[in-house]
Amino acid sequence: MVTLSRKFSTTAVPNPKLSQPQPQNTTTTQFFIPFSQLQQRKPLESRLVSILDGCTHLTQIKQVHAHILRKGLDQCCYCLTKLIRMLTKLDVPVHSYPRIVFHQVKYPNPFLWTALIRGYAVQGPFLESVVLYNRMRSEGTGPVSFTFSALFKACGAVLDVGLGRQIHAQKILIGGFASDLFVGNTMIDMYVKCGFLECARKVFDEMPMRNVVSWTELIVAYAKSGDMGSAWELFRGLPVKDMVAWTAMVTGYAQNGKPREALECFERMQDAGVKTDEVTLVGVISACALLGATKYGNWVRGVAESYGFGPTENVVVGSALIDMYSKCGIVEDAYNIFEGMKERNVYSYSSMIVGFAMHGRAHAAMQLFHEMLKTEIRPNKVTFIGVLTACSHVGLVEQGQQLFVTMENCFGVAPSANHYACMVDLLGRAGRLEEALELIETMPIEPHEGVWGALLGACRIHGNPDIAQIAANHLFELEPNDIGNYILLSNIYASARRWDDVSRLRKLVREKGLKKNPGCSWVESKEGVIHEFYAGDMTHPQYAEIKRALADLLDRLKAKGYQPNLGSVTYDISDDEKKLILMNHSEKLALAYGLLNTESTDAGCTIQIMKNLRICEDCHAFMCSASQVTGREIVVRDNMRFHHFRDGACSCDNFW
């Protein structure tokens, strides 16, 4: 482990290389230059530094270096510091050319030392920068603010908080850097990268001066850690909120599953007159996708076009809009965006392929994949997630297996655990549970919860409690507090009438104190207002009307042969109680609201429902019948895929 030399922590030590007795002012004596010559050299040095700053190739730097040597400036730290910094910028290895330049200087000043230290901090090996710092101190040279900034950068790069704390102590002991803004900001960055957010906050709180970088670094750190409360507190205290700070909040809310807050924040940003860029737009578009809010999505698209980031011209925003419209249930609009893009990349193709897949349009996904292969764009991991998901959702087992083999052999994309999860889902849904289990057991990488979850879900479809138990045991280790795995296994046991196992699992859930996430569905009104419904929820202002509309719809469905699927309720209660629970499922409440709040002129329009959990078998059958009786297309997005109910049938062909 590299540490700072203690004996050099506070005082400079004479140069050990200078063993011969030397006069007190050696440097001055050996390098005395008359004032008139200095006046002539300064403009030359400044001109050479300016020329170096404009160099873009190594050959140009070597030409300037030759000029420096011819002019007798081979010991000029000012010029050589810039030379080394430019070599680092062009990725010239520090240990070669820059180090040779450095060693030819007899008395390097702090800035020249720092240029070399910074080179190692940027390129690595990072710990070499600390070794150089120790040597600099041993030779009697004190650090400057840029020295500490480079060292903190190196510590952050190798995630060595212990070494970072030693350098922090050096900064305090040497003194003179407490009010240095640049040093303070790099300290915050180092502690954040090392995962010590509390230390970063302490540095921030003790800084006598801060700028927008100081605030934004911490805001982003809090957002990444999921603490949006602290991020908002800091943001509110920021005196001048620029585009970067606003973007940090918008993307933070979106990435932490708070799409409403992301949209509200973006709206405030627009009201404040702050300009936006494609990063902000992608963040807020992803929030619209999470919420399934088409009205907001259309508004954001208009904002994007007003700033010159329309999907036709901007591939990043275009790809995000494809994803958004797909997740809002309007895959046709997503494809229109795709078709209108002047430039497409792997992300736009992948977003469209995944969009087709989640809507059950496997053949469209496969066709687009083959069209992509005819271009120069190569598929990536997300592309293969899309095509494998498409195969899984419609049962194209052989095609999926062929793609899985070719993705690495032909395209150099090594299968990840997510790809294996797709394959397990593909085999499992097709009823090939033993084959799916064998695939998991022979994986070259460790299976994650998604892999075992796919197998457990397949066991529910095909009623195999024995393999379900194997999958669940692994999930209980990987996700001990995820109640969903316990509930799913309990449902499988209940379907197999293994009531003792059901009682055992329920007892285990009670002992662990686990709580079930309530089923939640939401719909967007014509005005763009999101209306949420929870299972059994009676708080909606229109609840009485919703209840009557639902009862009326149920009577119409029963007349057409619908009967509640009581097996969707696993509680040991009476049939009447089961029917009551089923009729209060959140997606049924959302459907009744949607039917109530569309005028007669809207007859035939699509009702779109978003749901946080997988749709149950009874609700699936209910939606099929409702689409036939009402003449409406009903689109339900659950946590697995989209279901398009039309004329009594679902796009998934009951394969979900």
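Please read every residue number as a count from 1 along the shown chain.
Placed from the backbone N, Cα and C atoms, the Cβ positions cover glycine too.
Here TrEMBL flags 1-19 as compositional bias 'Polar residues'.
According to TrEMBL, the feature domain 'DYW' maps to 561-656.
As annotated by TrEMBL, region 'Disordered' applies to 1-24.
Feature annotation from TrEMBL assigns repeat 'PPR' to 109-143 (among others).
Here the repeat 'PPR' (180-214) has Cβ contacts under 8 Å with residues 145-146, 148-149, 152-153, 155-157, 159-161, 164, 168, 171, 221-222, 225, 238, 240, 242, 244-245 of the same chain, all six or more residues outside its ends. The annotation repeat 'PPR' is assigned in TrEMBL to 180-214 (among others).
The repeat 'PPR' annotation in TrEMBL covers 242-276 (among others). Mean model confidence of the repeat 'PPR' (242-276) amounts to 94 (pLDDT, 0 to 100 scale).
The repeat 'PPR' feature in TrEMBL is assigned to 314-344 (among others).
Positions annotated as repeat 'PPR' by TrEMBL: 345-379 (among others). For the repeat 'PPR' (345-379), the residues of the chain that approach it from at least six positions outside its boundaries are 315-316, 318-320, 322-323, 325-327, 329, 331, 334-335, 338, 385-387, 389-391, 393-394, 396, 399, 407, 411, 413, 641-644, 651-653, judged by C-beta separation under 8 angstroms.
Secondary structure of the repeat 'PPR' (345-379), assigned with DSSP and counted as helix (H, G, I), strand (E, B) and coil, comes to 25 helix, 0 strand, 10 coil.
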